[in-house]
Amino acid sequence: MSDTHLSTQKFADFPLHKEVHQALNEAGFEFCTPIQALSLPILLEKKDIAGQAQTGTGKTLAFLVATFNHLLSTPIPAERQLNQPRAIIMAPTRELAIQIAKDANLLAKHTGLKVGIVYGGEGYEVQRKVLDKGVDILIGTTGRIIDYVRQGVINVSCIQAVVLDEADRMFDLGFIKDIRFLFRRMPDAKSRLNMLFSATLSMKVQELAYDHMNEPEKVEIAPNEKTSKNIKEEIFYPSMEEKMPLLLSLLEEDWPEKAIVFSNTKHSCEKVWSWLEGDGHRAGLLTGDVPQKKRLRILEQFTKGEIDILVATDVAARGLHIADVSHVYNYDLPDDCEDYVHRIGRTGRAGQKGISVSFACEEYALNLPAIESYIQHSIPVTSYDSDALLDDIPPPVRIHRKPSTHTRNTRDRGASRPQGGQRSGPRRHDRTRRHS
């Protein structure tokens with residue numbers, strides 16, 4: 001991991017509880033990222049914050065350190081039942097909740113504090129048994145948390161710390177009523193430490209903060225830069241007929257180690273996945289129709305490198321936090337400007353470099369002016385040579401038929417594999433991009 005995203009502020013300089021310091025040291029955290037350096041001094045004074053920061057900036061560790069330190073240094077309410085949570089961390093998606101829980105368990109090692117996670121889609125009774133045994137810090141999605149609150153499994157009347165992560169996505173997914181429901185059942189805002197983080201501090205997000213928090217201080221990281229300088233952006237103008245050949249040619253040329261291809265609809269994602277599979281790429285498909293267990297398996301394969309390319313819709317990809325994504329391909333330009341920022345923010349994280357490639361086809365090119373206005377810069381245009389596009393593309397596989405590994409060639413991920421992978425037919429060696 002590159003250290004170029006770190007500040008000169010050390011965690012050791014903060015008056016943290018010794019068990020928190022020990023966990024940070026063992027995990028290899030020495031220097032703070034900017035959001036950590038700005039937010040922790042405020043939070044350690046037990047003041048609320050509303051932080052603006054993109055994913056990959058270290059905000060998760062910021063609110064986890066503050067939460068653990070707050071619970072370790074604050075007396076437990078006398079009326080609190082032993083198995084009831086003292087802190088709640090709410091996330092918009094189960095994948096984000098799972099990632100937060102993994103990070104929380106790193107800090108929990110020496111503290112004696114128990115971490116629990118709940119989310120919809122699976123394991124209702126299993127999760128309930130964990131809650132019955134008792135948790136100090138509850139991490140989860142709002143819908144499942146509310147289910148347990150309404151059934152009397154969870155009591156939030158003694159909550160001492162609250163985190164609302166990716167608040168803007170909470171609005172997008174329609175969870176704000178659920179959040180307000182939970183806030184109204186917690187102690188007064190002045191009686192707890194409140195933390196809100198969002199990629200954008202829109203008026204509706206700020207209104208939520210001021211309604212349910214105690215005069216939160218705003219903390220903003222590079223508020224004028226909606227996209228990271230670590231991401232190289234480029235855009236192509238393909239015809240509809242050349243859109244798929246261009247994508248396959250660029251994948252052949254770039255040969256990304258880990259890439260995400262975004263498309264606007266489930267049908268389009270299935271089409272892209274079918275062509276990638278037919279061309280021998282190790283691809284995974286994430287749409288709203290993918291069952292939760294299969295979804296988690298695909299994400300695990302992608303994280304481990306067993307899958308190289310993830311094809312996803314915006315809704316299905318929300319909350320994903322996967323390290324080392326080298327390329328993002330916008331097969332379709334998104335209709336929502338904020339989705340463009342969230343999409344390309346999957347790469348170029350934690351100080352690493354990333355590449356974003358977008359297609360402005362006839363159907364979605366009209367979205368470009370609004371996107372460029374929102375990100376406050378023009379996306380560099382790259383032309384391409386139609387004659388250099390791949391012309392030996394195999395047919396797509398059927399979406400409901402798992403391709404046989406014995407009848408198709410797949411990408412050889414070995415270090416000695418030739419550029420373009422091992423396929424039965426020759427590939428063109430022409431360069432697709434034409435730079436002026």
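Just so it is clear, glycine is given a Cβ too, placed from its N, Cα and C backbone atoms.
Features reported for this protein in Swiss-Prot:
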MOTIF     9-37  motif 'Q motif'
BINDING   Ala53, Gln54, Thr55, Gly56, Thr57, Gly58, Lys59, Thr60  ATP binding site
MOTIF     165-168  motif 'DEAD box'
DOMAIN    243-390  domain 'Helicase C-terminal'
REGION    392-436  region 'Disordered'
COMPBIAS  425-436  compositional bias 'Basic residues'
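Features recorded in Swiss-Prot, as mapped to the structure shown.
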| residue | record | Cβ neighbours (10 Å) |
| --- | --- | --- |
| Ala53 | ATP binding site | 25 |
| Gln54 | ATP binding site | 22 |
| Thr55 | ATP binding site | 20 |
| Gly56 | ATP binding site | 23 |
| Thr57 | ATP binding site | 24 |
| Gly58 | ATP binding site | 22 |
| Lys59 | ATP binding site | 26 |
| Thr60 | ATP binding site | 25 |
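Within 8 Å of the centroid defined by the CB atoms of Ala53, Gln54, Thr55, Gly56, Thr57, Gly58, Lys59, Thr60, the record's ATP site, lie the Cβ atoms of Thr33, Ile35, Phe197, Arg349, excluding the listed residues themselves.
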